[in-house]
Every structure is written in structure tokens, then in C-alpha cells.
């Protein structure tokens, strides 16, 4: 820099550099200070472009918009859409449940999904870097997201491992879970008692697949088959994410699209099955009174929250590889509605299959009870006069049985219970709520045994589950690797392989014979409350600390248009209020409901609820505490300046842009000095001009760059105001 530069003169005279900036702004041919890169959004500025990260800064980028959308869809659309949403729909009023779900999707889901996409795309960092820059004191948000991603990834991949095991078992005819095994004792052949008391699919799941113990306290050692399946699952995940979005993006083309092919095939096949219409009609028959129950709204909010993957960091990580001017508002709306319609499609498929299964089970019930009635007739326990004359036992319909059952119940009212007859009502079968692993590995597998070409449909179904799980796992792993790779210089491939190896070793906890109980524990406690806290802090840090007006202005600069004003009120008031209510309801639910799990009791051949032992209960609450621990630690450490605010780990793009900006300022300063006839001519306005800040017209304060500033030096690359609340 030349020695006669005004910046150099100020440094030599120990005057504050701010005057040099003011001189630059006060030239008789002034720069458009409203468009200056130093202006971070004053009241007088109509358009305040920020310093944008260059596209050639060396950061990976998506090959196409389609690849990015498929990645976001693959992450948000997961196993929960197939086996959680249909269960909630059945439990909470059928079609009536769709109303609160859709309302909450509009007022919570889309706005918060849009917020995460926007901050990731603008700052071009992972979750840790993003929240360090927005508000360093709340930098623990990103670390908590990473912790939750780690916990969820550990048990989620176990479910993929289960699906892999069933996938390979499906290449048999008949399917191995179609019949109960026969135990031979010499010349005597008997059905396995545990299977006879339950069902063939239930027995195959609990005994031959998991070989589960009767309590969580009984480890039972490693299940070799599940250990190998878990190893295969982690190898697949590692290969999918080892080269970052270069490899995971290509995987998404298949893993995101294939499930839709299978769901449509299942829907067409399911509608051709006997009784499928009964299942769909049952699902869409609204029970409007359910909409008045607070529990329905709480569960709808929770499902919206987790269906979109909010708070995990995967959404932010994926969007950080976008171009700076990408229309993330369109992406948020598109992905949210794709997720919603996928849930509807999966629900149609599930209830079509469950309607078919309910009809099969109801016909089986009619046959078994008709045999009992014939026995009572032959032994003169019942009179033949009780049987309507048109009833034909060789072709007994459900209607005929219902009529016969009603007559017998009326006549034998006193000792009817001793007959042991069941009503065999189709509605009762349809009302049996099945969710989670029970739906995928018991109910669906049982229905598929009655399909023509059942191995083909079984292979397709479990291959679909593997792809759904893989899409979510790629997003979860990206939520772990991206923040770490942004913050530390480590080799991507080596770090990814190391994460997968450590995760596999930790995942051995879930492939013990008691491992499925730990899957339930982690599913209930490791994500729910911590993620809700993470998301509400994300919302508050942007809407109330950074400032909703300023964020809306940043969005206008980035997108080229101003988002609808409704987002202002949703981010500032509605979403935080809904999240606070959700947190309160979650805490109350946890306090009211006794902590426990459904254990498979071998002697009874059925599930029975058991409370967690003290050590397991401590483990449950430890999961919650560990996941949220970074929040207070980082806040306290940065409040007392015990920890760096992260500004020394700025992205390469930020450094390049800032250096370029400073170089331009110096060149402009030198040019004005040369063009001026004398030193005083270079500044025709007062030497100190008010610097336009987000809080109003104030003089530029260099102390606002201190680490205690809640914006630090990272967000938007120009956050230089002291800690202040902004509307």
C-alpha cells in the first residue's frame, strides 16, 4: 500500500480508521452508501446487499438442483412416513387427524424449514458454524444438533440392518415367516409352542430374528446375525457419504426415487386385494370429536417437527452447498408438500394392506368360532333351533356368523361367556393400532404371506425400507461431518471412515439379544426433547436476537424478492409460541407416563409393559442431559470469554471476500487522494458521518467486533453491531 494512502496516514497519526471510512463515504462524488458492503441494514437503506460468498471458493456444490431436492426429500422422507404417520392417523381420528397436521405444517413446519434452509445457504457452513456466526453465545445449538445426530444415527442404522436381514431372507419360497416351525420329538411332531401362542410372523421377528430376552437387564450376548447385518448397513452408509455430496448426491437419485416406485406398485396391488377398500374407508372416516383433544395436536406437531428433519443439522448442511442466490423458499415449500403427500401415499398403502389383513384375520376368526359352535351343537350344549335356517356352515359368511352370534348371545345370556365365542367384527381388527417395527416386521410381513408371488413383494418392500433409511442416514451423517469438516482441517474420507467405525462399535449395544429395548429407549429419549429445545433456540436466535426485520432484508438480498410478510409474524410470534407449548406438553407427558418398554415374554408369547430398572432410567435421562449439555456450557464459556467465538475459523470464502473488500477500499481511498487537488478536497462533507447500523444512525463502533457480540464477525460477513435485541 503506498505510503501516501489515507489509510496509512491515519495509522501513522494514530487516528481511528473509522474516519477514513467516513471520508470514503463523504467524497464529493460519493459512493452509494446504501449499497455499500459495510452497511448491514439500516432503516434508511432500501436494499442492503451483503458480502456474498463466491461460487468458486472451493466448497463442494450440488451438480444440479434436482440432485439437491432429492437429497432434501431423501433426508426428510424416512421410515416415519411409512410406519409412524399411518399409526397416528388411525389413532387420532382417521381423516380428522389430517386437519391439525396440515395446519401445523403451515404454521410450524414450512416456516422453520425455510429458516434452516436460508441460514445454511447464506452462511455456507454446517450447523456449528452457522449458529456460531448468528449468535456465538448460542453456538451450543450446533453442537447439540451434532450430538442428537450421533445418537439417532446409532440406532437408526440398526433398523436398516434389520431390513437388510429381512431383505435377504425374502429370497425364499415360501417365505420363512409364513408358517410356524415344527418341533419333532421322536415320531411326534408338534408346532413350536411359542409360535402357536402368537403367530408365525411374530415368532420369526422376536425369536428367529432378534432372539430377544425377556428383560432389558438380561443382555444375552451378541446376536451374530444382527451384528453382521449392522456391519453391512454401516459399510453401505460409509460408501454413500465418504466423498461428501459428490457421492451421496448420486446415491440420492436412486434412494429417493425408488421408494415412490414401490409405494405406487404396492398401492395398485393393494387396491386389488379383497378388503383393501374397507381399510382405506376406515382410515379416511373422520372422527371429528378427536380434533378437540389436545393430545392429537401435540402428536401432530411432533410428527410435523420430525418429519421434516428440523434441528438435526442435515437440512442446514445440505443447503450450505447451494448457490447463494438459490430460491430456498421454493425449496422449503416443495419439499414440505412432497413429504406430506408421501405420508398420505404411504398411509393409503398401509391401510389397503391392513384392510386385506383384517379381512383375512376376520374370516379366520369366523371359521374357528364356527367350529366351536358345531362342537357345541354335536354335544347338545347348544340347540339346533338357535341356528337360523339359511345358515350354511360349509359356506359361512361374516354376516351369517354375526346373526348367529347375536342369537346365541341373547338366548345364552347367563352362561354365554363360558362358550368362549368371539364376535369377529371387522372393525375390531381394523382398530388394532400397529406402529413402528410391529407394522413393518409383523403386520406387513403377515399380509405379504397371502400375496401371490409373495417373495417378490417382500423383496420390494424391504428394499424400499433400506432406501428410505439410507436417505435419512445420509442426511444424518452429513449433519455430523459437515460442521466438523468446516471447523477443522481433517481429511474428509478418513474422518468419515473413522466415524462409521466408531458408530459400528457403539452400535453393538443394539445388536445384543436385548438390543431392541435400547432402540426403543434411544428413540424415546435421545431426540424428542433435545431437538425441540434446539429448534426453539434456532427460532429465537434469528427472530429475536438477530432480528426478524434484518433477516427478512437479508432474504430479499439473497433471493431477489421479499418473502411474504406472514413469515415475519410466524417466525417472531407463532412458531416460538407453538414450540413452547410443545415443549411443555412433552415434559408433562414424560412426567405423567411411567418410563418403560414393551418386553417380549417368551413363556406367555406376548408383549408386556415393564418399567425401566434404575440404571436404565438413569441412562434415559443421561441421553437428554448429554444432548442438551453443550447449550449451557457454550453460553457460559462465551459469556465469560472462556471460549473463542468461532470467528477465527471463518470460511475460506469469507476470508477471500473480506480481503477483496479491504483491497477495494484502499484502492478507492488512494484514487481519491490522487484526484483531489489538495488533501482537503478529497472530503467535501464532514469528516465524521453517521454510520448506518441496524439499530439506527450511529457512529461506527469498532468495539462491536468483540467476541461477546451476539453476532460475532461471521453472520452475513458484516455483523458488526453490539449485542442488542431487534424486532
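Numbering starts at 1 and runs along the chain as displayed.
Cβ coordinates are placed from backbone N, Cα and C, and glycine is handled just like the others.
Per TrEMBL, the feature Na(+) binding site maps to 74, 77, 81, 339, 468, 472.
What TrEMBL records for 677-704 is region 'Disordered'.
Panel annotation: around the transmembrane segment (68-86), residues 62, 156, 159, 245, 248-249, 252-253, 255-257, 259, 283, 303, 306-309, 314-315, 318-319, 321-322, 331, 334-335, 338-339, 342-343, 346-347, 350-351, 435-437, 439-440, 465, 468-472, 474-476 of the same chain, lying at least six beyond its termini, place a Cβ under 8 Å from a Cβ of the stretch. The transmembrane segment annotation in TrEMBL covers 68-86 (among others).
The transmembrane segment annotation in TrEMBL covers 98-119 (among others).
Annotation source TrEMBL lists transmembrane segment at 146-168 (among others).
Through the fold, the transmembrane segment (228-246) approaches residues 60-62, 71, 157-158, 160-162, 164-165, 255, 318, 321, 470, 473-474, 477-478, 481, 492-493, 496-497, 500, 503-504, 507-508, 510-511 of its own chain, all at least 6 residues removed from its boundaries and within a Cβ separation under 8 Å. As annotated by TrEMBL, transmembrane segment applies to 228-246 (among others).
What TrEMBL records for 253-272 (among others) is transmembrane segment.
Marked as transmembrane segment by TrEMBL: 300-321 (among others).
What TrEMBL lists as transmembrane segment is 333-354 (among others).
Listed by sequence, the residues of this chain that lie at least six past the ends of the transmembrane segment (456-482) yet keep a Cβ under 8 A from its Cβ atoms are 71-79, 81-82, 126-127, 145-146, 149-150, 152-153, 156-157, 159-160, 163-164, 166-167, 170-171, 175, 236-237, 240-241, 244-245, 248, 251-252, 254-256, 258-259, 262-263, 265-266, 269, 309, 312-318, 320, 440, 444-445, 448, 492, 495-496, 499. Per TrEMBL, the feature transmembrane segment maps to 456-482 (among others).
The transmembrane segment annotation in TrEMBL covers 494-513 (among others).
Counting only same-chain residues 6+ beyond the ends of the transmembrane segment (525-546), those with a CB under 8 A from a CB of the stretch are 112, 115-116, 119, 131, 134-135, 138, 141, 144-145, 147-148, 151-152, 155, 302, 305-306, 310-312, 571-572, 575-576, 579-580, 582-583, 586-587, 590, 620-621, 623-624, 627-628, 631, 710-711, 715, 725-726. Summarising the annotation, TrEMBL assigns transmembrane segment to 525-546 (among others).
The transmembrane segment annotation in TrEMBL covers 567-592 (among others).
What TrEMBL records for 612-637 (among others) is transmembrane segment. Same-chain residues lying 6+ beyond the ends of the transmembrane segment (612-637) with a Cβ under 8 Å from its Cβ atoms: 137-141, 143-144, 147-148, 151, 216-217, 521-522, 524-527, 529-530, 533, 537, 595-597, 643.
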Legend entry - Considering the transmembrane segment (494-513), which listed stretch of 146-168, 300-321, 567-592 counts the most C-beta pairs under 8 Å: 146-168
Legend entry - Long-range Cβ neighbours of the transmembrane segment (567-592) (under 8 Å; 6 or more residues past either end): 104, 107-108, 111-112, 114-115, 294, 298, 301-302, 305, 528-529, 532-533, 535-536, 539-540, 542-544, 548-549, 551-552, 727
Legend entry - Range from 98-119, 253-272, 300-321, 333-354 with the greatest count of C-beta pairs under 8 A to the transmembrane segment (146-168): 300-321
Inset, instruction - Between the transmembrane segment (253-272) and the stretches 98-119, 300-321, 333-354, work out which stretch tops the count of Cβ pairs under 8 Å. - result: 333-354
